[in-house]
Amino acid sequence: MPIRSRSKSIGYNARNDLVEMDLDSSSMESCDTLSSASHLGNLRSMSRGKLLKPSTKQPTKTVQNETSCMHPLPLGMRGGSHDSIELLSTRNSSLQRRQTLAAIPRLSTHIEEDEANKDTPFSREFLPPDEGKLIHSPQIVGGLQYKTSPSYRKLYKPRNSIDNANISGFRASKKLVLETMQEDAIEGHADRIKVYVRLRPMSSKEKAVGARCCVREANRREVYLTEAASESDYLRLKRLKGRYFAFDGAFPGDTSQEEIYRCSTARLVEGVLEGQNSSVFCYGATGAGKTFTMLGTPHDPGVMVLAMKDLFAKLKQRSTEQKLSVSLSYLEVYNETVRDLLSPGRALVVREDVKQGVVVAGITQYKAFSEYEVMALLQEGNLNRTTEPTRLNETSSRSHAILQVIVEYSTYVDSHLVTRIGKLSLIDLAGSERAIATDQRTLRSLEGANINRSLLALSSCISALVEGKKHIPFRNSKLTQLLKDSLGGACQTAMIANVSPSNLSFGETQNTLYWADRAKEIRTKGPLVNEEQIPGPGQDQLQLVLELQKENQQLRMQVAQLQQKVLSLESKTVAAVPAAVYDGSLAVIRSPSAALVGRSVLKENKVDSDVQPPQIKCGNTPLRTPLTLSSIKRKVLMRSPVAPCPNPALSFHSISRDHFCRKRTFWDITNSPYAKSTSRNIRSNTQVQTPSMLLQPGFLRGRPSPN
Ligand SMILES: Nc1ncnc2c1ncn2[C@@H]1O[C@H](COP(=O)(O)OP(=O)(O)OP(=O)(O)O)[C@@H](O)[C@H]1O
């Protein structure tokens, strides 16, 4: 496990005082255990969280641990926890030490002391170690020494949620994320793609051939790239120029997987739980550490595994029992064909859907109920993934792999039950490579050409997006088609650019940094929240009221329609009776409907406007308002033409008073002088018209003159 430069660790000096030690990174490269570090360490005693003066009376004894061996911290798939910590010592587990530790139930320890972390001291909870336990396999994680003995696991509990995590620099990473968010808020760049750069440590192969470092982390945000020249080439050394690249985060080679996850992806997982779509992808040259970042190893899991752990841990806290589903699919793009990694078979087709965006037709969606199931599926998928050894990388990924997780769950927000659907895409791209770097004229070179082609398509999409072009060539390759939502859609996206520090990969590193620098200018559409409110118990009554109102409205409509039918039937019947029964100058016609219901109709011999005619009723409901003489008069006066009619036969005044005093029927109209003189046929459908239309006294008004 690499050790952070200028980090600190804890141990005991010869007097069994608990001490904190400065660890010199250069020295630690060859000496990974605390025992050897204590040779070099600048020891300071610690008690109750305070630094004491270094002991000058006695030289610090070297603590030897013959059985110690270095192996990665067991961050296995099943997440067994490091519940214990044991400080390295095979000697003198004396009472004094135990008493000292017992008196320090919770000891805050400053682990990081580089410039960036000075103001954010990292604290971690300690419990006194179990007594009399031997140390077998000490580990140095973020400057602390761990003992992986199972008996100690119960005693040590990290404060953070993820088990076994190397959480050194957690505060620092949190600060970095907060700073980025604040800056974005100020600059209005909240929907920008976040870009992080991770340098990998120099490999043993590179060291063996005498490679030199050409890129280094300048600060937490910047990396400095310089072309390395041989030390003897003094002239060239003077001419060399470096360049700074600024990103949302820059991580040196010894950064833990956990820190990478915290800085780059934890925020996006949170977004997915809010119902948003998020994507994280690793980009870089072959052998730069993309797969290590995304997948990691069983002992040092990467972003995919940590994201799943975090996701399930948070879901357990937030989700209600009612609805919870996590479904995932895992696919690869190999030689421009899309293949299902979880159920390998024929090539799949990528389609674009208006509602769902980009979809892969026929892909298998697996439901997972715990992170362990996800790990198992991931492992199975990785076995099906195309990886081949190349000259540069023993386990080179020859395809782009995309893990897509769709989370649907219900939770309470302000006492309302809501269902949220979020999508998380985790993408491990294949690395760009030079043909000479791999193998020429073989299947590897064909794969390499396809990888390069899709990465070229990706870079042209990035260019078009940055330049704000209208047409973005997403369709140029399967990869860009699949990344369409992540790059230009409603999505929160993070890109982790992996680079090798070796000067042998200078060109690739420069290229990666260049494209990463461009990608940080891409603006996405911003996350959309897929949230749906479920009516709670309090909302039931409101819902009931609304439903009843709707039903009431429908019933009213039905009543109105029925009334209309009754009226039209009535008018038909009226039209069918040839002569209305009336008597004298004023009469209220005998309504057939009234006759039907067996009601008597009043017959008046006298003209008396004050006498109210009886209402014609159907049961208790008045069928229509009966006309009185005064109401008819009023209507006639209002509608009568001002100019006298040239034809006296048709003039308004020539029409007898009786004409208005009774209801006009179909026969009246068809036999009227107007109808005869115009020789117009009255359409049969006139009969169907409602009585109100037929009764319009102004019906004759405005008709063309018969002459
Ligand atoms: N941060 C790191 N710490 C320790 N080892 C690393 C780190 N990054 C990468 N490595 C090691 O470097 C080697 C190459 O890494 P990896 O396979 O992840 O590269 P890659 O970018 O995925 O390459 P390719 O594109 O060819 O698949 C691996 O052996 C890996 O263990």
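In case you wondered, yes, glycine gets a Cβ from its N, Cα and C as well.
From the options 153-180, 461-488, 545-572, the stretch TrEMBL describes as coiled coil is 545-572.
Cβ neighbour density within 10 Å is lowest for GLY289 among the binding-site residues GLY284, GLY287, GLY289. In the predicted structure, the domain 'Kinesin motor' (192-522) carries a mean pLDDT of 84. Checking the binding-site residues ALA285, THR286, LYS290 against ligand 1, the ones with a C-beta less than 6 Å from an atom of that molecule are THR286, LYS290.
When Cβ atoms from all protein chains are considered, those within 10 Å of ALA285 (ATP binding site) total 26, not counting its own.
Every protein chain considered, the tally of other Cβ atoms within 10 Å of the Cβ of THR286 (ATP binding site) stands at 24.
The Cβ neighbour count for ALA288 (ATP binding site), using a 10 Å radius and every protein chain shown, is 28.
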